[in-house]
Amino acid sequence: MAKTYNESNFDAEVLSSDKPVLVDFWAEWCGPCKMISPLIDQLADAVADTADVGKVEVDTNQSLAAKYGVRSIPCLLFFKNGEVVETITGANVTLDQLKSTLEGLA
């Protein structure tokens, strides 16, 4: 299951992580976000040993969304060593694509 990131734990959990991290910026009212939510949870379980996967709800964490320029959701940001190294916007993704991207960062 994907972790929940917010303004109070983002720096410690994402930016300071020694593993690659995928962060899914989403909203409750977003249909495409709900479509990929099970995929994000599957990914979290599949890569648990080598990467972290979590979600940021944009309506309650607006400053994080603004900081990373999130204008459309779902927006998937891949972090390595505290820096965004890859971005995917939209729900047109597969588990294999996400897993491959994360494994390439490990």
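Each Cβ is built from the backbone N, Cα and C atoms, and glycine gets one as well.
TrEMBL entries are annotated by machine, without manual review.
Cβ contacts within 10 Å of Cys30 (active site, nucleophile), excluding its own Cβ and spanning all protein chains shown: 18. The active site, nucleophile annotation in TrEMBL covers Cys30 (among others).
TrEMBL lists Cys33 (among others) with the feature active site, nucleophile. The local packing around Cys33 (active site, nucleophile), expressed as other Cβ atoms within 10 Å of its Cβ over all shown chains, amounts to 21. According to DSSP, Cys33 (active site, nucleophile) is assigned to a helical segment.
The disulfide bond annotation in TrEMBL covers Cys30-Cys33.
The domain 'Thioredoxin' annotation in TrEMBL covers 1-106. For the domain 'Thioredoxin' (1-106), the mean pLDDT of the prediction comes to 97.
Annotation source TrEMBL lists site 'Contributes to redox potential value' at Gly31 (among others). Gly31 (site 'Contributes to redox potential value') has a Cβ environment of 8 other Cβ atoms inside 10 Å.
The site 'Contributes to redox potential value' annotation in TrEMBL covers Pro32 (among others). The Cβ neighbour count for Pro32 (site 'Contributes to redox potential value'), using a 10 Å radius over every protein chain in view, is 14.
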